[in-house]
Amino acid sequence: MSSTEGKVICCRAAVAWEAGKPLVIEEVEVAPPQANVVRVKILYTSLCHTDVYFWEAKGQNPLFPRIYGHEAGGIVESVGEGVTDLKAGDHVLPVFTGECKECDHCKSEESNMCDLLRINTDRGVMLNDGKSRFSIKGKPIYHFVGTSTFSVYTVTHVGCLAKINPQSPLDKVCILSCGISTGLGATLNVRKPKKGSTVAVFGLGAVGLAAAEGARMAGASRIIGVDLNSNRFEEAKKFGITEFVNPKDHKKPVQEVIAELTNGGVDRSIECTGNIQAMIPAFECVHDGWGVAVLVGVPHKDAVFTTHPMNFLNERTLKGTFFGNYKPRTDIPSVVEKYMNKELEVDKFITHQLPFSQINKAFDYMLKGEGIRCIITMEE
């Protein structure tokens, strides 16, 4: 039993007091875990674009003060009543969505959209009692997607924790708890390109590069990267991108450009921007008869997807995916093992490292479009 079990822990956390304002390192109180909840010591966290999006208050009813962060790795400090498959000392990755293992979605081999623990960006409290476990001098600080990893200690539902190989380096595999797995799984689990196939990836941010990495692992012969920023092509080559298309360089629609490059269209495509102007060509550029397009990017709430019905009747398939169709507790440990077995290259996604005290610099990198992933070390 740890010396802190059952007690309130005081630790540092990066608190967002207002939308778009720099985070402030504060001393916060973290309450002990209740039933089916685990308290985790976060060792490394990363910044995902989703954190920035909601910090800017673009995607929800503004909820502040709040502790963001959802891409991280840590060690279990203590567990609440009813937690049987985790114990103090276990290495875990917190995940923004969960797996209760009891609902119809969790019991289905075809879904990872847990009824109980599916992502909820508006909820800033725990499920048990509708209250926060973070506070400063008695004033509650809100949670974010059930993880809040910008705190040295956090509490999360047991269903949102993937128990992983204790030999795996947390400062590397922490990035597998969100964006990288989303792109990787969209390719390997949903799009499933055959060896020697042609693939197009729309959007070469972290998720798109992970999708390209998945296509490389699957043995695709041509991986065409599509992005409005030509400066991304050189970096993208490290992830298997063999050709690059910038829609701004062509007078005709990009789906026509790709069709001409590939004798009628690619076998598989994946859209990772959330922009309708990319989603439509990502679907229309796949080959008739067998082409499959997968949508990963989250569109604007008022966006409308339009395409001619003949695109479907000509046997093109359009699919959507959530978190790469991975079940957090069941599947993410095996993704970590792909890294440990040298099947998956993770290190090349990590372009910056910072101490926790400089977390705002990570936001600057993201806002300027510099790098892919920045690892933040919680202990200095």
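Glycine residues also receive a Cβ, built from the backbone N, Cα and C atoms like all the rest.
Features of the protein shown, as given by Swiss-Prot:
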- Cys48, Thr50, His70, Cys178: Zn(2+) 1 binding site (BINDING)
- Thr50, His70: alcohol binding site (BINDING)
- Thr50, 203-208, Asp227, Arg232, Thr273, 296-298, Phe323, Arg373: NAD(+) binding site (BINDING)
- Cys100, Cys103, Cys106, Cys114: Zn(2+) 2 binding site (BINDING)
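This view paints the features noted in Swiss-Prot onto the structure.
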residue	record	Cβ within 10 Å
Cys48	Zn(2+) 1 binding site	23
Cys100	Zn(2+) 2 binding site	19
Cys103	Zn(2+) 2 binding site	16
Cys106	Zn(2+) 2 binding site	21
Cys178	Zn(2+) 1 binding site	28
Leu204	NAD(+) binding site	26
Ala206	NAD(+) binding site	25
Arg232	NAD(+) binding site	21
Val296	NAD(+) binding site	32
Val298	NAD(+) binding site	13
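The binding-site residues recorded for this entry are Cys48, Thr50, Cys100, Cys103, Cys178, and the Cα of Cys48 lies nearest to that of Arg232 (NAD(+) binding site).
DSSP assigns Arg373 (NAD(+) binding site) to a strand segment in the three-state reduction. The Cβ of His70 (Zn(2+) 1 binding site) has Cys48, Thr50, Asp51, Pro94, Val95, Phe96, Phe144, Val145, Thr147, Ser148, Thr149, Ser177, Cys178 as same-chain neighbours under 8 Å, each 6 or more residues away in sequence.
The two recorded residues, Cys103 (Zn(2+) 2 binding site) and Arg373 (NAD(+) binding site), have Cα atoms 34 Å apart. The residues near the Zn(2+) 2 site, meaning same-chain residues not in Cys100, Cys103, Cys106, Cys114 whose C-beta sits within 8 angstroms of the mean position of the site's C-beta atoms, are Gly98, Glu99, Lys101, Glu102, Asp104, His105, Lys107, Asp115, Leu116, Leu117, Gly159, in sequence order. Put simply, Cys106 (Zn(2+) 2 binding site) is 21 Å from Val296 (NAD(+) binding site) when counted between their Cα atoms.
Counting every protein chain shown, the Cβ of Thr50 (Zn(2+) 1 binding site) has 20 other Cβ atoms within 10 Å.
For the pair formed by Gly208 (NAD(+) binding site) and Cys106 (Zn(2+) 2 binding site), distance between Cα atoms is given as 27 Å, rounded to the nearest Å. The subset of binding-site residues (Leu204, Ala206, Val298, Arg373) lying with their Cα within 10 Å of the Cα of Cys100 (Zn(2+) 2 binding site) is empty, i.e. none.
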